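Engineer: Structure incoming, see below.
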Amino acid sequence: MSQAQHVAKAAQAPIAARLPARAVGPLLYGLRLWGSICLSLYLAFALELSDPSWAATTAGLVCLPQLGASLRKSSYRLAGTVAGGIAIVVLAAAFPQNRAGFLIGLAAWGAACGFVAGLLRNFAAYGAGLAGFTAAVIGGDVMGPTGGLSDEIATLACNRVVEIVIGIVSAGVVLALTDLGGARRRLGADFASVAAAVFSGFVGSVSAREPDGPATRAARREIMRRVIALDPLIDTAMGEASDLRYRSRILQSAVDGLIATMTAWRTLAVHLARSSGTGDDRGAQSVVRILDDLRPTADEAIGEAPGLRDACRARAGAVARIAPDSPSSQLLADAAAQGLLGMAQALNGLTLIVDPERTRRPDARAALYPPDWLPPTIIAARAFATIGLVMLFWVVTAWPSGPVAITFATVAVVIFPLQGDQAYSAAASMFVGCALSAVLSAILVFGILPGVAGFPGLCLALGLLFVPLGVLAAWPIQPKVLTSVTVFIMPLASLKNVMAYDAAQFGNTVLAILAGIAAGAVMILIVPPLTPAARTRRLLRFGLSDLRRLARGRGPRTLRAWEGRAAARIKALPDEAAPIERACMASTLTVGSRIIRLRGAAPQFLSDTALDAALEPIAAGRVAAALDGLAALDRALTVDGGDARIALTLRAAILAMTEELTAHPEFYEERG
């Protein structure tokens, strides 16, 4: 074939096939972004809404490179928008002739939304933050340049909500028509890979030569990070698949099951390492025989998830029927059963992803356990102070663009702090992106649009901007800055059915937006979020404090509640947490679980006074005395004439607690 024929053949190939593989996704995203914005503008113009730019802005915000993420974000944005619209109407009704009360109420609403957003995760947190932003947007329209409340607040609120809904629907339609989605498939592959790694490590620890060596601990930490990283993938998949959304507690329970298996793996490893890992007693050998052939690959986990789930439950029953001859072998059996039941729970979630009809319902509803109340409190206090100061500046200076500054100050102090210690970086990126978008918007409004006639010409002009910007935003080169550029073009352009080319108004709007973002960024510097080290210290302190309350007979009464609270703190640990800090947090989960089991079954063997006396040193932070007390409990259970199997189970729990206290004496002796 000649060179000319090669060129001709290449020219006839589809455009996507001739592009580099890495460029196809960003290009498609740029085209979808452009299509979403144009469709939202068309509908807003057709309905003659007062400010179509908000519809286009919303379309650009919720149009994400992944279909599932975009749909999930859209649903929470819709909920936040409706909540914000209702809130501003209620505020106006509560303070009809009281501007000060209205402004204070608006600042308090923004702070409340920031607090709730700080408690939630992923897109749910975004939706809570949007409720505050929406109220600020509508509040700015209601107050106007002079701050007087409008009598048409309900109409204004409805208009804004309709505009935002149009943007959400437009982006959803464009994405649904051009993207078949793959979030469920990706979640299934990642979940199966993580589950296989957890299963392999858990099973392998029983017969490993170094069950708790440095390499094993490093592998366990890495797998735990992968388990925690499943959370945003689950959120994205739920946006794409409605059956996952309505059965989300099964997926949450599956992640908790993986954490339970990881905890059992650690218990096995710590015990076997302390006993030299010989595994030569009869109970240990029985556990090895039951677990040894359960090491599925990721492909096997996907293809045989229901069967593996049922096999794990059956093996857990087999482990429970083992007749251990010592606390050591009973500890191994209990940890093996816990790990198998956790894996069954995890594989039930994987079954929901790959074979929904064979899914089993979870035992109980999932609960929200806030790991630390201080970060959301800081967000709320910072938001109230920032919004209040910007409001005060507006009132004192009578700046006509003050409401716009209030709106974007709300964004900076409610939305960006959700990124933790990256909040200031996000605000700075938004500031730079807004400045760049001001230049592009000025070129569009004053250089291009005056010569454009008709909606097709407008769409072409927008395509020249948004397609390249979408490509760049989807590329891993300053994505925060470039995303901000795409977001701010439409609010600055302020497209309407009848355009007014007012350079002074344009400049005031740009200045107000930049001032609002700058105010938020400065307040984030003045009242910074907790550092990763501080967050880690607080989480460890709270975990130890909860454990000490539990030792005194207070706190969660059920194993499920304790494990849920401890798992929430494990998930909340920053990536920067040291290995020993992660080990200490996992240790509190193990010790607390054993305390609950002791308090549940020990009274038939021991008096409450004896049990409280043995556990009090744990609450007081006296490890040596705690070890003596646990040893006394063990001796009492040895000579008691009650049910031998239950007594052996309690002695195994005491042995597990003893090993944890011995492994981390400095942590358990800390003064809170």
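Here the Cβ of each residue, glycine as well, is placed from N, Cα and C on the backbone.
Feature list, courtesy of TrEMBL:
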| type | residues | note |
| --- | --- | --- |
| TRANSMEM | 27-47 | transmembrane segment |
| TRANSMEM | 53-71 | transmembrane segment |
| TRANSMEM | 78-95 | transmembrane segment |
| TRANSMEM | 101-120 | transmembrane segment |
| TRANSMEM | 127-147 | transmembrane segment |
| TRANSMEM | 153-177 | transmembrane segment |
| TRANSMEM | 430-449 | transmembrane segment |
| TRANSMEM | 455-474 | transmembrane segment |
| TRANSMEM | 481-499 | transmembrane segment |
| TRANSMEM | 511-531 | transmembrane segment |
Engineer: Would you say the transmembrane segment (430-449) and the transmembrane segment (78-95) are in contact under the rule of three or more C-beta pairs closer than 8 Å, pairs 6 or more apart in sequence?
Structural biologist: no
Engineer: Cβ under 8 Å, sequence separation of at least 6 from the ends of the transmembrane segment (511-531): give me the contacting residues as numbers and ranges.
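Structural biologist: Those are 374-375, 378-379, 381-382, 385-386, 389-390, 399, 401-402, 404-413, 416-417, 420-421, 423-424, 427-428, 430-431, 434-435, 438, 488, 491-492, 538, in sequence order.
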Engineer: When you check the transmembrane segment (27-47) against the transmembrane segment (430-449), do you get at least 3 Cβ pairs under 8 Å, counting only pairs 6 or more apart in sequence?
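Structural biologist: Contact absent: fewer than 3 Cβ pairs fall under 8 Å.
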Engineer: What same-chain residues lie close to the transmembrane segment (430-449): Cβ under 8 Å, and 6 or more beyond its ends?
Structural biologist: 411-412, 416, 458, 461-462, 465, 480-489, 492-493, 499, 501, 503, 506, 510, 513-514, 517-518, 521
